[in-house]
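Structure first, commentary second.
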Amino acid sequence: MKFKGIIFDLDGVITDTAEYHYIAWKHLAKKLDIEIDREFNETLKGISRSESLEKILINGDKEKKYTEKEKEELADSKNDYYLTLLEKLTPNDVMENIVETLKYLKENNIKVALASASKNAPLILDKLELRDYFEVIVDPSSVKQGKPAPDIFLEGARLIGLNPNDCIGVEDSEAGVIAINDSNMLSIGIGSEENLNHADVVIPSTKILKGTIENLM
């Protein structure tokens, strides 16, 4: 086979927890007297919790109002609220055709890793009952720079023992696709051509992900 490994993003690819993130960030922003909407929430996709908070504070012209320690506490409070929302997550929340895709990869001995900016990734995979499909879950705190830097994808390739050139990266965010491209992997972008036209391959949804991967193999 041409490719020996696949490295997935989590939110928007394996499951769609974007709505939970939006609710949790909006809940925090309201407490800070900052307005955010769904369009603004799109700019938070693929980046870390601390970077997301900074963007929200800048949006409300309050980035200098809080100390670094206070910012950490704010980010933690958002995560605590987000975790209460995750309690609702079940295997029914897996994106369409993802289980079939993961089964295909396992049957063909293709190594699979997860490269998510979320520190909650292990918990989410457990809730979705998908943990056994992933050989590696990259800890986002183990890399120097988050997306759009390629660090997390490079670390994923290293942990599954493969050259990045032998891997495919799957993402739904602009920052994530940039990270894949800069790691010298082939990039599959899931979403609109308009937002992800820098990906090597763009598909509208996970419905055709398995077939797309089979063709690339």
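Just so you know, the numbers here start at 1 and follow the chain as drawn.
Each Cβ is built from the backbone N, Cα and C atoms, and glycine gets one as well.
Listed in sequence order, T17, A18, H21, K45, G46, S116, S118, D172 are the same-chain residues at least 6 apart in sequence whose CB falls under 8 Å from the CB of D11 (Mg(2+) binding site). Under the heading Mg(2+) binding site, TrEMBL lists D9, D11, E171, D172.
Counting every protein chain shown, 24 other Cβ atoms lie within 10 Å of the Cβ of G46 (substrate binding site). G46 (substrate binding site) carries neither a helix nor a strand DSSP state and counts as coil. According to TrEMBL, the feature substrate binding site maps to 9-11, W25, 44-49, S52, K78, 116-120, K147.
Summarising the annotation, TrEMBL assigns active site, nucleophile to D9. Residue density at D9 (Mg(2+) binding site): 29 other Cβ atoms are found within 10 A of its Cβ, drawing on all protein chains shown. Secondary structure at D9 (Mg(2+) binding site), taken from DSSP and collapsed to helix, strand or coil, is coil.
The feature active site, proton donor/acceptor is assigned by TrEMBL to D11.
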Within 8 Å of the Cβ centre of D9, D11, E171, D172, which other residues of the chain have their Cβ, at the recorded Mg(2+) site? F8, L10, G12, V13, K45, G46, S116, V170, S173, G176, I190
Listed binding-site residues (R49, K119), ranked by Cβ neighbours within 10 Å, top entry: R49
R49 (substrate binding site) and D9 (Mg(2+) binding site), compared by Cα position, are separated in whole Å by 15
To the nearest whole angstrom, what is the C-alpha distance linking E171 (Mg(2+) binding site) and W25 (substrate binding site)? 22
Using a Cβ-Cβ cut-off under 8 angstroms and a sequence gap of six or more, which residues of the chain neighbour W25 (substrate binding site)? I36, N41, L44, S52, I56, K78
